[in-house]
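What Swiss-Prot says about this protein:
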MOD_RES   Lys10  N6-acetyllysine
MOD_RES   Ser11  phosphoserine
MOD_RES   Lys15  N6-acetyllysine
MOD_RES   Lys19  N6-methyllysine
MOD_RES   Lys24  N6-acetyllysine
MOD_RES   Lys24  N6-methyllysine
MOD_RES   Lys28  N6,N6,N6-trimethyllysine
MOD_RES   Lys28  N6-acetyllysine
MOD_RES   Lys28  N6,N6-dimethyllysine
MOD_RES   Lys37  N6,N6-dimethyllysine
MOD_RES   Lys37  N6-methyllysine
MOD_RES   Lys65  N6-acetyllysine
REGION    1-43  region 'Disordered'
Amino acid sequence: MARTKQTARKSTGGKAPRKQLASKAARKSAPSTGGVKKPHRYKPGTVALREIRRYQKSTELLIRKLPFQRLVREIAQDFKSDLRFQSSAIGALQESVESYLVSLFEDTNLCAIHAKRVTIQSKDIQLARRLRGERN
């Protein structure tokens, strides 16, 4: 067969349809009996934004009560052993700790946005604490 020169043609923008092999065509046309339906997945970030809106609306505590109570008791033992706490005292501590952390993360997020980032980093937390006057 003689070689012929190919001429340039305008592209239509899509791939040309391929011919399927007989075995692949048979597999596609046959109904799948044991096929498992793929679970629905949201785009990345959609669920995160939904959670942000949900937690901004809510007023309930975000840290579980018992793990927080154990942490408070563990820290208090370094200062004095056999300390007892009223449940309302631990509740008040938890309220104030969560309020502090939420406001710190808000300031940290502003620092990340100022640096033209969307991800907070440890240097953002350090800057937020320094601007607040908490850092040595």
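Start at 1 and count along the chain as shown; that gives each residue its number.
Quick reminder: no glycine exception, Cβ is built from N, Cα and C everywhere.
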**Request:** Measuring Cα to Cα, tell me the gap between Lys37 (N6,N6-dimethyllysine) and Lys65 (N6-acetyllysine) in whole angstrom.
**Result:** 39
**Request:** For each of the modified residues (Lys37, Lys65), count the other CB atoms lying within 10 A of its CB, then report the residue with the highest count.
**Result:** Lys65
**Message:** According to DSSP, collapsed to three classes, what secondary structure does Lys37 (N6,N6-dimethyllysine) have?
**Reply:** coil
